[in-house]
Amino acid sequence: MATATVATAAPTAPSYDTPEGVDIRGRYDPEFAGILTRDALAFVAALQREFRGAVRHAMERRREAQRRYDAGELPRFDPATRFVRDGGWTCAPVPPAVADRTVEITGPAEPRKMVINALNSGAKVFMADFEDALSPTWENLMRGQVNLRDAVAGTITFDDAARGRTYRLNEQTAKLFVRPRGWHLPEAHVLIDGEPALGCLVDFGLYFFHNHAAFRAGQGGGFGPFFYLPKMEHSRYMTVTVTVSLYTYQSHKHRCSVSDTYALQRFCNREARIWNGVFERAEQAAGIEKGSIRATVLVETLPAAFQMDEILHELRDHSAGLNCGRWDYIFSYVKTFRAHADRLLPDRALVGMAQHFMRSYSHLLIQTCHRRGVHAMGGMAAQIPIKDDAAANEAALELVRKDKLREARAGHDGTWAAHPGLIPAIREVFEGHLGGRPNQINADAATATAGDRITEDDLVQPPVGARTVDGLRLNTRVGVQYLAAWLAGSGSVPLYNLMEDAATAEISRVQNWQWLRHGAALEYAGGVAVRATPELLARVLEEEMARVEAEVGADKFRNGRYAEAGEIFGKQCTAPELDDFLTLDAYNLIVEHHPGASSPCKL
């Protein structure tokens, strides 16, 4: 793995004022110092120290589960939590400020102008992203925190000298949700007790510390802040065998008589439970009511689809529903079944919501959320306007309308868009279907999913469709270009009239890997079938790199990080073992340490 760059710091350079045990290795900037205050860092450090052990355990449980899937096991509903799925409980009532979430726009927390445009887009919600849509460079992360602080305060502006225009917030703006990074991602610029901090706790902690009071007093209407939580997976149990003697143990689920030997189940890891603990600790530290923080969980991993009730139950005081993170979900399907030769995906363009396993997951999410009284959010429309072809643009918009009408009729309460240009069309579809209602939470009987009973087999049914050399080429071209942009500091990249983020690049990578691993037969011109091999990928990569250079221009290609990206992408697609995440493997290539950026501290 590559090593981080170390820059030489000036002897008299100013530094961050850090509490004991905290060391900042990112570049010093006076604006960043307003975010990285001593008290804010102490809050982040307290979260890290309390929850890092549980997170490490959760990551090991993920690896353990993957080993079982590699051995042939399939994800299933956990029999130990049937009492949760069958129970009549509900989540806390929806905050009035976010009852209407018919259309949400997503985008990175940096650049600043994009944040302003998203808040002014006409969407009901803007999800500011520190995860898949953001390359986690130090500059991006810290400027993102500055942007969100100013957005919550209502003071954010941007002077565009090239256009002679100043951007500022409209009177009416979207409600702000923030997505921190997943549990698996470190923050190498912030060391706590000598080790990298958890990226998600840095993102959450800094934003919450600086903004909870202003958010609750303003757009939250007494609630908040609001969050999206990514990449959640497992709820695992540990079986403990005990011999009970001289007394009787009884609960709502088990009864043990004298001298009985009984297998009692206890929770040993719940990823949602960790987040709930973080929220409760933050509320206690801020002196605000329990349940103020609300979060929507992205169901974007295959294991999580079998634990929707369990996730909501853990977060029931803090839940703002679930979202169909469908691109990451496809990525997770491949990763989960990486060793299963009978579950190869067709070309990624064919893996849409019409596939049975995708439709089933969407319908189960709607049923689960509405039964528990929270929002069931639909998936991303990744199209972007085609400015030089009106007919092609209208055709793309029509595909968006059809997809969103399907979601609304199925029972989704709202949906995602990647570009402001899609907002009017999506609002028209959802508002027309809802007929003045803010959501469909209490109208499930009228939706298309009401009579469905989703089974375990429905959720894992293999997708159908062709696998082609053209699909291998597109995967390679998209993966390389996205990774080159990510290495250069951009995590949200327009490619071929779609807004690509890490999720779609991940699909490209893992699908190539899976096809090569199992020697998939790929259709070629004239109906000829060729086998996916490392040699075929090497030839495709060479040819697609030449095509990318022709498309972007020789100067941009030479001055960008395309060659580096091509090398990384090729290695990951041919690795003996599938890397968990594309960006995790490349992360050290964007880390730049500045020794002396923080004041000396004792460890």
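Cβ from N, Cα, C; glycine included.
These features come from TrEMBL:
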COMPBIAS  1-14  compositional bias 'Low complexity'
REGION    1-22  region 'Disordered'
DOMAIN    20-82  domain 'Malate synthase N-terminal'
DOMAIN    175-242  domain 'Malate synthase TIM barrel'
ACT_SITE  Arg179  active site, proton acceptor
DOMAIN    269-461  domain 'Malate synthase TIM barrel'
DOMAIN    467-590  domain 'Malate synthase C-terminal'
Mean per-residue pLDDT in the domain 'Malate synthase TIM barrel' (175-242) works out to 91
Residue counts for the domain 'Malate synthase TIM barrel' (175-242) under DSSP, helix then strand then coil, are 19 helix, 28 strand, 21 coil
CB contacts under 8 angstroms to Arg179 (active site, proton acceptor), restricted to the same chain and 6+ apart in sequence, sorted by sequence, are Met127, Ala128, Asp129, Phe130, Glu131, Phe227, Tyr228, Leu229, Pro230, Leu298
Grouping DSSP H, G, I as helix and E, B as strand, the residues of the domain 'Malate synthase C-terminal' (467-590) number 85 helix, 13 strand, 26 coil
Summed over the domain 'Malate synthase N-terminal' (20-82), the DSSP helix, strand and coil counts are 41 helix, 3 strand, 19 coil
